[in-house]
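One structure is given here, and the rest of the page talks about it.
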Amino acid sequence: MAFHVEGLVAIVVFYLAILAVGIWAAWKTKNTGSEGDRSEAIIVGGRDIGLLVGGFTMTATWVGGGYINGTAEAVYVPDYGLAWAQAPIGYSLSLILGGLFFAKPMRSKGYVTMLDPFQQLYGKRMGGLLFIPALMGEMFWAAAIFSALGATISVIIDINVNISVIISALIATMYTLVGGLYSVAYTDVVQLFCIFLGLWISVPFAMSHPAVTDIGLTAVHHVYQAPWLGSINSLDIYTWLDNFFLLTLGGIPWQAYFQRVLSSSSATYAQVLSFLAAFGCLVMAVPSVMIGAIGASTAWNQTEYGVPDPKSKKEADMILPIVLQYLCPVYISFFGLGAVSAAVMSSADSSILSASSMFARNIYQLSFRQNASDREIVWVMRITILLFGASATAMALLASSVYGLWYLSSDLVYIIIFPQLLCVLFVKGTNTYGAIAGYLFGLVLRITGGEPYLYLQPLIFYPGWYQDDNNLYVQRFPFKTLAMLTSFFTNVTVSYLAKYLFESGTLPPKLDFLDAVVARYSREHMDKATLVKSDNIVLNELAPVNPRHSLTLSSTFTNKEAFNYVDSSPELSNTEDN
């Protein structure tokens, strides 16, 4: 394949368009809010994101390179097909569940990041532990985005995939430095427009190519490969359900999602835009499904691609750019590929910004540098954006499948963070001891279950396991859901057991070394006044306390329940006297 100057020009044009929008949005962020709230404005955009822009940016949170490329890949691969392309429905349901149950309590309490309620109830140490799976989830997601972008560019211009991944990741990471949630939100609007226009224009041209058989026929009949509708064998039903629950429930506890929720102008808007994004995810998946079906319905020996076909060359993860390149006219393919590239690039900043936001606020500021200046926090975010971007790039180079990265990105989030989020929001009485026990049990069960994509052999062999062609052990048993449920019930059980043992006097108070039961007023825990600093937050669900803008140690680590015991808590009285 020859080097295509026109394709490179198309990418540059789209990159410049998105970069221009990002710079304009960054300028808007700089002129929003007070100088002391610069870091919070970067994270939650001044909490004035409207319904229209909010719906676009939340939709684009999921509809990125991994979403469109991975969906097309799943439909194209004969062993999977549409029956195994679970992400569109799974993530749409996750947005609906998030809007119904999680958006309102998180937004109405005015948190800045998803980790705030964990640090508020369980303390800074537990917040640090939960940051690890949250970070890995965002990094896997960003790696999938970079991998898809590199694959797209490698089709347009004849360069090595690894080189294209590195170059693309560098561009996306540097673009993220331009700034803030405003930049992400407004570029997301451009991203969705590019995907919608680029893919929908390309689909009719690809379907009309002489080498393409009617996709209605290939959906149910074996022509060039197995029908692209796919099927679920009775032996694989539990694996299918395990992956489906992983995508649906594991799609909720993401900082990228809650960043949009917490930036919305009201709790009601946060719920509505979740529902709008769920609908948008389904609509934006349609062209990807059709492109995957077209790839499965093509006689590739009749095209310039030649033989063997993409799956035989192990290029199934690049089926979407391959279809656009070889089944569409040159000008259409360049426009479509350039649009997809720009869309993927603009979605990469979302995950990296989410990871850097959690580190800068919940780890650096609230755990180690309570007196750090706002300027210092902003610089910490910029440094971590570079570091996290480099880490995501390394993972993108090591992964063999975009869809595999996609599942992996939800594993740790689903098994560890989701049950913790249920407990911290809806189960009264859980404490740090239960949270740590649930964390460890879930992590151990997940690791011992093995992971073929990482060539990690299992230590526990559940019923139904088998060995694939690569001598890797694959579990059919839904052990991921088992690990999630075990983590949840362990959290609740150990929390109430610890509460009973300490409050009944069975264990002396001095053994409450985490200050989670007896010493409830320890500075290890944060008060609501530190978590909520913006004036436009509705405080109807908060304890009656006047917000303090300082970040002194005494105001940072005070348990919220202490506000209900002002007269009986000497430590709290001393804090208020300060």
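Glycine is no exception: its Cβ is also placed from the backbone N, Cα and C atoms.
Source: prediction; values computed, not measured.
According to TrEMBL, the feature transmembrane segment maps to 6-27 (among others).
Annotation comment: TrEMBL describes 48-68 (among others) as transmembrane segment.
The annotation transmembrane segment is assigned in TrEMBL to 80-103 (among others).
The annotation transmembrane segment is assigned in TrEMBL to 129-157 (among others).
Outside the transmembrane segment (163-182) by six or more residues, the chain places 15, 18-19, 22-23, 25-26, 28-30, 32, 41-45, 49, 145-147, 149-151, 153-154, 157, 259, 263, 341, 344-346, 348-349, 352-353, 382, 385-386, 389-390, 392-393, 396-397 with a CB less than 8 A from a CB of the stretch. According to TrEMBL, the transmembrane segment annotation covers 163-182 (among others).
The transmembrane segment annotation in TrEMBL covers 189-207 (among others).
Feature annotation from TrEMBL assigns transmembrane segment to 237-257 (among others).
Proximity of distant same-chain residues to the transmembrane segment (269-298), defined by a Cβ-Cβ separation under 8 Å and at least 6 residues beyond the stretch ends, is recorded for 50-51, 54-56, 58-59, 61-63, 67-69, 71-76, 78, 81-82, 85, 87-89, 91-93, 95-96, 98-100, 103-104, 106-107, 192, 195-196, 199-200, 202-203, 206-207, 209, 211-215, 217-219, 223-225, 228, 260-262, 309-310, 319-320, 322-324, 327. What TrEMBL records for 269-298 (among others) is transmembrane segment.
According to TrEMBL, the transmembrane segment annotation covers 318-344 (among others).
Non-local neighbours of the transmembrane segment (377-399) in the same chain are 38-39, 42, 135, 138-140, 142-147, 150, 162, 165-166, 169-170, 172-173, 176-177, 348, 351-353, 355-357, 359-361, 364-365, 405, 408, 453; each lies 6+ residues outside the stretch with a CB under 8 Å from one of its CB atoms. TrEMBL lists 377-399 (among others) with the feature transmembrane segment.
The transmembrane segment annotation in TrEMBL covers 405-427 (among others).
The transmembrane segment annotation in TrEMBL covers 439-462 (among others).
If you count C-beta pairs under 8 angstroms between the transmembrane segment (237-257) and each of 6-27, 48-68, 129-157, 318-344, the highest count goes to 129-157. Among residues of the same chain six or more beyond the transmembrane segment (129-157), those with a C-beta under 8 A of the stretch's C-beta atoms are 3-4, 7-8, 10-11, 64-66, 68-70, 114-115, 118, 164-169, 172, 253-256, 317-318, 320-322, 324-325, 334, 337-338, 340-341, 344-345, 347-348, 351-352, 354-355, 358-359, 362-363, 388-389, 391-393, 395-396, 399, 402, 405-406, 408-413, 415-417, 420, 436, 439.
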